[in-house]
Each structure stands twice: as C-alpha cells, then as structure tokens.
Amino acid sequence: MTNIRKTHPLLKIVNNAFIDLPAPSNISSWWNFGSLLGICLILQILTGLFLAMHYTADTTTAFSSVTHICRDVNYGWIIRYMHANGASMFFICLFMHVGRGLYYGSYTYMETWNIGVILLFATMATAFMGYVLPWGQMSFWGATVITNLLSAIPYIGTNLVEWIWGGFSVDKATLTRFFAFHFIFPFIIAALAMVHLLFLHETGSNNPTGISSDADKIPFHPYYTIKDILGALLLILALMTLVLFSPDLLGDPDNYTPANPLSTPPHIKPEWYFLFAYAILRSIPNKLGGVLALVLSILILILMPLLHTSKQRSMMFRPISQCLFWILVADLLTLTWIGGQPVEHPYIIIGQLASIMYFLLILVLMPVASTIENNLLKW
C-alpha cells in the first residue's frame, strides 16, 4: 500500500513541499532564512493575537491598555516584548534573505522574486502600522510624519492624506483603522508567502554556485528539516536573549511618553529597520523627490533581473561584484546609522553621499563590473 502522505490530498501537498521535495545538496546556511521568516510570521501572529485580546484601539485607552498588558496580564510583558522584538528578528531575517537573493542571483526566478518584493512592502507596511498602536509619542509623530509624505503627491496628495487619517489629523479614526489593518495584513502576508513557495517549487531552489543542481538532489527531509530546526533554535535563542535581558534595546524611550499632539519630540525617527530608507528620504531637500527616492530604494529590487549583465548567475566566482556587494552592505549600514542621527552637519552630507552611492552601486557600478568580469573570462 502506498504511504498515506503520498496519496492523501492535503498531506500530498505538505509532502511535496517539506518532505520529499528534491533540494540541492549544497545549499548553505544562507538558505535557512526562508524557514526562519515563516517561524517569525507564525510567532508574530500568535503573540499578536494574544495582545489583541487585551488591547483597546482607542486614543484615550490605547497607551493604558499596553501598560495594563505589561503589568496586569499573566505573562503579558513577555508576550508584548516577544512581539516587539520579534518584529526586529523578522526584519533581520528579511534583510539576510534578500541579501542572499542578491548575492547568489536568486532574482532570476522572476515570479518568486517579485512576490518576495511585494512581501517586503507588505511587511514594512504592517510593521509601521503596528508601531503606531501603543500610542506613545514616537507612535503618534511617526504616524503623522510618514502619512504626511503622501501629501507630496501632486493634485490628490492632501485629500489622500486626510482620507487615510479619517480626519484633519492623526486621531481616533486613524488608530482604529491602523489596528484593523495591522490585524489583517499578517494573514495576507501568510497567503502571499504560500504563493511565494508555490512559484519557488516550480523551479526548485537556487544554490551557491548558481549552476543547475538537477543532477545532484537530496530529499528535504531529513537533511534540511534538521538544518531548519537548528536555525530555528538559534533564532529563538537570539530572540529570547533580547526579550529577557534588554527588551528595550531597539525601542525608543519617547514611546514611554503618552502621545501628545501639542509637543513634538526633538528627533522623530522610525524603528531601526526603516532607518536606511528614512536616511534616503531625508537626504533630498525636495519633499516629492524624497518620497520618490524612498519608494525607489525598495522598488529598485524589482529591476534586479533587468540589471543582471553577468554570464554567471551567482557572485561566488565574481570577485569584483563581491567587493561591490559588500560595499553596498556597508553603505546600507551607514544609511541606517545616519537615519538615527539629527539633521545637522556632518550627518547631512554623509547621508547624501551614502544615498547617491546606494543608487550608483545598484544601477551603474554592479552592472558595469559584471560586464568587465565577462570580458575578463573571454567568454
């Protein structure tokens, strides 16, 4: 009799995706981040669900309800901090996952890559709306500043912003709708992640060499299930270390002050994982130009398959491209640092140079380097 996992309509799907899936024999730990993102998403949905049981999406009680969760609810403090720091772990895994895709040329799987970019946008939107919910000073002013960027859109901008706010400023209506969206979005992300996997399994995984691995496949289980479990344990270790030893390390002290529309914090800044984009936004003196640069800084990922000029898929055997890739990583770290600094000399000029460097590397230097490498190989 055939094994039930190969015949049952539901189990067959699970089997083909996680058990008998043919996987390349040489994929490294950089391929662990997909499963880690899945774990992060499940963790965020579960902790978020329990937080939503005690949270009230109303301007008068939102801040108090979060305090109540931390003080009075059984293990509420750990659920709250796991959710807040879980978002940070989520973005660390996201950046690693995207970086892996860029380095090893995974973006040549167009459908998988484009859905991944949509997933990145959806996750960023979800995290932004979640940051508004505790209704602290940085929640309120972050929401005001970021939503206000849409007013830079010609003709419809002001109407659009007021439509999103549900009034003439960030208020009760804004908080309520942000809570509704923050609740529904993770499920949309989960659905998109399944489509992401569906398209990936049409082609099979890429591998570090960028060469077809059809001649050398191994079953996903037990080899990569055990590898993913190790990755998951390390992720949980890192998360719980953060939660139990320094839960506020990545947060903003201003968010422990209840939202006050009459008092602006001296430095309005988003969570650390948005700082690189915030630095690019601030580096352009023009409002519309800044907003366009902000959107393009992420949207540029969609162009990666078009900018690929190399005859090799992966950067594994391309030293010039490798150097440029790590310069890009350093540049993004520089932008992250600048995004958290006040708008004054020398930070302004450093931010502007780093922003120019970011677009220059992706749009010009890396495609040129690939062409040079092609010629060096005399192919």
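Glycine is no exception: its Cβ is also placed from the backbone N, Cα and C atoms.
Per Swiss-Prot, the features are:
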type	residues	note
TRANSMEM	33-53	transmembrane segment
TRANSMEM	77-98	transmembrane segment
BINDING	HIS83, HIS182	heme b b562 binding site
BINDING	HIS97, HIS196	heme b b566 binding site
TRANSMEM	113-133	transmembrane segment
TRANSMEM	178-198	transmembrane segment
BINDING	HIS201	ubiquinone binding site
TRANSMEM	226-246	transmembrane segment
TRANSMEM	288-308	transmembrane segment
TRANSMEM	320-340	transmembrane segment
TRANSMEM	347-367	transmembrane segment
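Known features from Swiss-Prot, placed on the structure.
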{"residue": "HIS83", "record": "heme b b562 binding site", "Cβ contacts under 8 Å, 6 or more apart": "GLN44, THR47, GLY48, LEU51"}
{"residue": "HIS97", "record": "heme b b566 binding site", "Cβ contacts under 8 Å, 6 or more apart": "PHE33, GLY34, LEU37, GLY116"}
{"residue": "HIS182", "record": "heme b b562 binding site", "Cβ contacts under 8 Å, 6 or more apart": "GLY48, THR126, MET129, GLY130, LEU133"}
{"residue": "HIS196", "record": "heme b b566 binding site", "Cβ contacts under 8 Å, 6 or more apart": "THR112, ILE115, GLY116, LEU119"}
{"residue": "HIS201", "record": "ubiquinone binding site", "Cβ contacts under 8 Å, 6 or more apart": "ASN16, ALA17, LEU21"}
Please work out which recorded stretch in 33-53, 77-98, 178-198, 347-367 has the most C-beta pairs separated by under 8 angstroms from the transmembrane segment (113-133)? 178-198
Name the secondary structure element type, per DSSP in three states, that contains HIS201 (ubiquinone binding site). helix
